[in-house]
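Asks: Below are the features I grabbed from Swiss-Prot:
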type	residues	note
ACT_SITE	Lys16	active site
ACT_SITE	Asp141	active site
BINDING	Pro99, Met100, Gly101, Ala102, Gly103, Leu104, Gly105, Gly106, Gly107, Ser108, Ser109	ATP binding site
Amino acid sequence: MTDSTRSLRNCLAPAKLNLFLHITGRRPNGYHDLQSVFQLLNWGDTLHFTLRDDGRVARVTDVPGVPEESDLVVRAANLLKAHTGTAHGVDIEIDKCLPMGAGLGGGSSDAATTLLALNRLWQLDLPRAELQSLAVKLGADVPFFIFGKNAFAEGIGEELAEVQLPTRWFLVVTPRVHVPTAEIFSDELLTRDSKRVTITDFLAQQNSDAGWPDSFGRNDMQQVVTSKYAEVAQVVKWLYDVTPARMTGSGASVFAAFRSKHEAEAAQAKLPTGWNGAVAESLNEHPLFAFAS
């Protein structure tokens with residue numbers, strides 16, 4: 001990433017995985033109480049920011065299917081601008097890498113990277129806690145990316161505690177299907193009463209290689225998604241025949257963990273023709289973590 005007074009380029013917006021995802025309740029407002037562990041990956045979209053002197057926020061690259069005014073990146077920049085009253089503007093370029101509707105947090109991560117990068121580019125120096133409070137207004141996953149560490153998450157995903165995770169390589173396979181999160185959350189067959197676990201429960205097993213990630217918990221959304229989307233079910237079955245695998249978020253991506261890049265790439269090489277798979281290393285910290293204190 002280059003850093004100057006006029007631009008910040010090559011800012012990674014990393015993907016996340018849900019190593020497990022339990023739904024423990026439903027609130028009167030319709031939101032669900034969750035428990036999960038979020039894992040950052042060294043793989044994601046890349047954003048570039050160039051200072052404007054006219055105060056305008058502009059997305060200068062087209063993102064198919066996402067109008068500029070509703071793009072979380074633009075909304076994040078305008079939210080930060082309104083909150084601080086800065087006279088600065090910005091041109092934002094987005095190199096999309098992560099598939100949308102995949103459970104990888106792509107849009108949320110883009111928004112968080114925007115908040116962090118503009119905190120530096122606009123010389124705002126807002127503390128991390130203040131950025132996280134703003135991030136909640138953009139979506140439940142955005143505060144995690146501002147938090148910037150692998151985390152045990154509770155509530156609707158905004159209650160975060162740092163967890164230390166071992167370095168692993170992941171193969172992430174994404175079927176060619178978009179899974180609407182709201183559709184899965186509203187399904188009457190979705191489990192909403194999973195027993196609560198503790199961070200101690202998770203940490204007691206997370207260093208074990210036996211059956212990981214199946215050695216702890218599950219993704220409560222996976223059964224509903226695979227019953228509705230045959231493509232996701234097919235990927236889960238294929239990957240599980242290679243090594244224990246699990247869906248992330250509300251899908252559609254499915255992941256498996258490996259001890260080495262070589263093992264992950266060997267599995268990737270066996271993917272059926274036409275399947276989209278990416279190999280990525282785990283991260284312990286967001287690449288822009290230092291942009292907030």
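From the backbone N, Cα and C atoms, a Cβ is placed for every residue, glycine too.
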Asks: Quick check: with Pro99, Met100, Gly101, Ala102, Gly103, Leu104, Gly105, Gly106, Gly107, Ser108, Ser109 left out, which same-chain residues have Cβ atoms within 8 Å of the centroid of the ATP site Cβ atoms?
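Replies: Near the ATP site, the remaining chain residues are Ala15, Leu98, Gly249.
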Asks: Look up Gly107 (ATP binding site) in the DSSP assignment and report helix, strand or coil.
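Replies: Where Gly107 (ATP binding site) sits, the three-state DSSP reduction gives helix.
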Asks: Using only C-alpha positions, which one of Gly101, Gly105, Gly107 is spatially nearest Asp141 (active site)? These are the binding-site residues in the record.
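Replies: Checking each of Gly101, Gly105, Gly107 against Asp141 (active site), the shortest Cα distance is to Gly105.
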Asks: Is Lys16 (active site) helix, strand or coil when read with DSSP?
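Replies: Once the DSSP labels are grouped into three classes, Lys16 (active site) ends up as strand.
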Asks: Distance check, please: Cα of Gly101 (ATP binding site) against Cα of Lys16 (active site), rounded to an integer number of angstrom.
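Replies: Pair distance, Cα basis, whole Å: 13 Å.
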Asks: Measure from the CA atom of Lys16 (active site) to the CA atom of Gly107 (ATP binding site) and give the result in Å, rounded to a whole number.
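Replies: Gly107 (ATP binding site) and Lys16 (active site) have their Cα atoms 11 Å apart.
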Asks: Where Ser109 (ATP binding site) and Lys16 (active site) are concerned, what is their Cα separation in Å, rounded?
Replies: 8
Asks: Just how many other Cβ atoms lie inside 10 Å of the Cβ on Gly107 (ATP binding site)?
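Replies: By my count, 23.
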Asks: Cα-Cα separation of Pro99 (ATP binding site) and Lys16 (active site), in Å?
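Replies: Computed Cα spacing between Pro99 (ATP binding site) and Lys16 (active site) is 12 Å.
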Asks: Measuring Cα to Cα, tell me the gap between Gly103 (ATP binding site) and Lys16 (active site) in whole angstrom.
Replies: 8
